[in-house]
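The Na(+) binding site annotation in TrEMBL covers Gly43, Val46, Asn50, Asn305, Leu428. If you look up TrEMBL, you'll see 67-88, 109-137, 190-211, 223-246, 266-287, 299-320, 416-435, 456-474, 494-515, 536-558, 578-599 marked as transmembrane segment.
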Amino acid sequence: MEKSLNELEGSATGESSLGLIPAEVTSRPTWGSKVQYILAQVGFSVGLGNVWRFPYLCHQNGGGSFLLLYFLLLLIIGIPLFFLELAAGQSIRQGSIGVWKHISPRLAGIGFASCVVCSFVALYYNVIIGWSLFYMFNSFYYPLPWENCPTLPNQTVEVPECAKSSPTTYFWYRSALNITNSIEGSEMNWPMTGFLILAWFLVCGGMIKGIKSSGKVMYFSSLFPYVVLFCFLIRGFLLDGAADGIRIMFTPKLEIWKDVQVWRQAATQVFFALGLGFGSVIAYSSYNDRYNNCHFDAILVSFINFMTSILATLVVFAVLGFRANRIAEICVKENVWKVSNLSLNTSGPGLLFPSENITVADYSKWYEEVNHQFPLENLGISHCRVEDEMKKGVEGTGLAFIVFTEAMTLLPASPFWSVLFFLMLLNLGLSTMFGNMQGIITPLLDNFPKLLKRKTLFTVLCCVCGLLIGLIFVQRSGSYFVSMFDDYSATLPLIIVVIFENIAVAWVYGADRFMEDIQGMLGYRPWILYKYMWKYVSLLAMMGLLLASLIRMCITQPTYQSWNQEKAEEINLQYPKWALGLLISLIVVASLPIPVVFLKETLQSWLKRRRTKMYGQCEYRQGNIVDEITGPVDETIINSGHVGNGYLPVEMEDMAERGQLLNTAEDEAEEDTNNVHG
Ligand SMILES: O=C(O)[C@@H]1CCCCN1
Ligand code: NA
């Protein structure tokens with residue numbers, strides 16, 4: 001069914017809805033095609049995390065073993081919950097708030113929490129896109145501006161901060177971020193502010209017409225990163241040292257299986273990578289047609305995501321292996337020279353001394369042999385191992401903007417590769433931002449249908465707000481806030497949200513009932529295994545994860561990496577009091593909607609019930625009761641004369657609350673808007 005969106009938008013989709021589904025279903029826009037939809041899901045889930053979080057985690061936590069662990073957790077929690085979100089969105093056809101409200105009004109807080117988490121991530125994610133834009137524009141210079149250290153004004157001496165660190169490090173901290181020594185200080189970084197504005201402009205442009213425009217943009221923004229990754233992969237494999245890099249990377253270290261923290265990190269990465277708990281997955285799938293095979297989608301997207309992480313890891317480590325090899329070569333040259341000097345003056349290891357053109361591997365062999373007789377380290381001769389250089393883990397921003405940039409300067413035609421790389425980051429980031437924004441906008445539009453009339457304005461407004469709040473990230477100390485948001489807002493609250501989602505479906509709504517709903521959509525019953533996953537396995541796994549995260553939070557002092565300008569190196573600092581407060585409020589604000597809405601709704605329905613009992617008044621509009629309730633109930637109510645001043649049996653009241661019996665006032669408003677548009 002290849003209808004264009006123009007035809008579909010604002011008109012009935014032609015699919016009759018099963019069961020009791022809110023009225024706006026019939027006028028919901030749908031994806032232009034299945035391909036667009038899959039690209040959008042892939043575009044959202046595959047993001048910067050795959051390129052700079054996954055390879056780092058993999059490297060830090062046991063290489064090949066981490067990969068296996070990640071895969072296991074993907075099977076236990078990733079796929080079942082991804083499937084759950086897809087199915088819930090598709091069957092209820094609402095954004096995250098609507099979905100959970102549909103199950104029970106008391107659970108609507110889950111949706112609000114999703115929105116909050118999503119906004120937190122969107123806020124800092126777009127800053128990274130701004131950084132990528134900055135680097136992309138700077139890549140058009142030859143030689144690249146981060147290739148050499150600048151000199152002091154009117155002198156030939158290199159700037160000390162740069163000479164002590166490296167040109168790329170200096171460029172990152174001083175030219176790009178102009179970073180302060182600590183998180184305190186509130187000067188603005190104006191050039192970066194400009195790039196942040198540009199980034200929001202791009203996001204807004206891609207979103208402005210809803211999924212109609214972003215669906216088309218997806219073809220480019222979701223596929224382009226793969227083209228670049230493959231170019232880099234081929235180029236990377238042709239480099240000296242690439243094989244070493246990949247070998248070192250994937251060598252499994254089995255002892256990590258015992259470490260709870262590694263499990264925690266792997267699981268958190270599963271959540272972050274698939275975007276579980278963001279509400280974006282739900283928002284995207286809510287624009288699907290009802291009979292779409294969401295089980296296939298869940299497996300396909302998770303699989304593509306996993307493969308992309310591996311692909312990115314291969315690329316990163318091939319290039320880092322090449323860089324480490326270069327550094328080792330230089331190291332060998334220096335040390336060979338030292339050795340030859342030694343053998344002249346002392347009776348040291350002169351007999352064996354290596355020639356000028358020795359390879360890194362041969363030098364390493366020679367070193368190990370000789371080191372038995374003469375402890376070379378004591379003589380100031382170093383081993384120059386590729387492994388040691390690779391062991392220096394590089395995380396997050398440091399990976400993309402410092403180490404990878406440096407590696408690219410070593411390639412011939414460096415500006416070309418550099419532009420390609422940052423263009424890739426830009427596209428990875430943008431497609432994810434579209435999903436993030438959709439995860440905020442869709443649920444709000446669904447929940448407050450009055451906004452629908454001003455959809456475009458609302459979208460623009462969201463972007464403007466994002467930009468304004470985002471200004472804290474483009475202060476000179478802004479990147480410290482980015483890592484704070486990354487460390488705290490996208491971890492614990494996500495786990496909490498997803499646990500509640502799982503409970504809502506498996507225990508409140510009922511796993512069996514949900515399985516039946518899915519059967520209605522797919523046409524066949526999904527594996528029974530999913531039921532047990534949702535009810536027990538995934539849920540328990542996530543509870544364990546929550547516990548591990550809480551324990552870790554309590555025993556470790558939160559610190560952050562800061563750049564010290566005078567020492568020209570990174571140091572670990574403690575957060576000041578206010579920053580600790582901010583950090584805690586990030587977690588609290590993101591999780592608070594769940595209990596607040598729960599209490600509010602419980603209290604309200606309790607009051608309502610009391611009122612009903614006291615006055616014998618029915619709060620609901622009579623007409624709708626007669627419309628919606630089938631046969632016998634309908635008659636009983638009419639015959640008993642309870643319509644109007646009677647009361648509803650408690651179960652019915654509950655159903656009514658869930659919107660299963662009655663159109664609410666909001667539905668009516670919704671119908672009005674549809675009429676306006678139709
Ligand atoms: O891995 C990523 O970069 C994204 C972040 C947002 C949610 C989906 N995954
Ligand atoms: Na993306």
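Glycine is no exception: its Cβ is also placed from the backbone N, Cα and C atoms.
TrEMBL: automatically predicted annotations, no manual curation.
Positions of the features from TrEMBL, shown on the structure.
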residue : record             : contacts (Cβ under 8 Å, 6+ apart)
Gly43   : Na(+) binding site : Met218, Ser221, Ser222, Ser431, Thr432, Phe434, Gly435
Val46   : Na(+) binding site : Ser222, Pro225, Ala273, Ile304, Asn305, Thr308, Leu428, Ser431, Thr432
Asn50   : Na(+) binding site : Ala273, Asn305, Thr308, Ser309, Ala312, Leu428
Counting Cβ pairs under 8 Å to the transmembrane segment (578-599), which of 109-137, 299-320, 456-474 comes out on top? 109-137
Can you name the far-off residues of the same chain, 6+ from the ends of the transmembrane segment (536-558), with a Cβ under 8 Å from a Cβ of it? 73, 76-77, 80-81, 260-261, 263-264, 267-268, 487-488, 491-492, 495-496, 498-499, 502-503, 506, 574-575, 580, 583
Given the Na(+) site residues Gly43, Val46, Asn50, Asn305, Leu428, which other residues of that chain have a Cβ within 8 Å of the mean position of their Cβ atoms, reported in sequence order? Val42, Phe44, Ser45, Gly47, Gly49, Ser222, Pro225, Ala273, Thr308, Ser431, Thr432
The transmembrane segment (109-137) and the transmembrane segment (266-287) contact flag, 3+ Cβ pairs under 8 angstroms: yes
Most Cβ pairs under 8 Å with the transmembrane segment (299-320), selected from 266-287, 416-435, 494-515: 266-287
Using a Cβ cut-off under 8 Å, which residues of the same chain at least 6 positions beyond either end of the transmembrane segment (494-515) come close to it? 81, 84-85, 87-88, 100, 103-104, 107, 110, 113-114, 117, 268, 271-272, 276-278, 525-526, 528, 530-531, 534-535, 538-539, 542-543, 545-546, 549, 590-591, 594
How about long-range neighbours of the transmembrane segment (456-474): same chain, 6 or more residues beyond its ends, C-beta under 8 Å? 119, 122-124, 126-127, 130, 188-189, 192-193, 196-197, 200, 203-204, 207-210, 437, 440-441, 444-445, 481-482
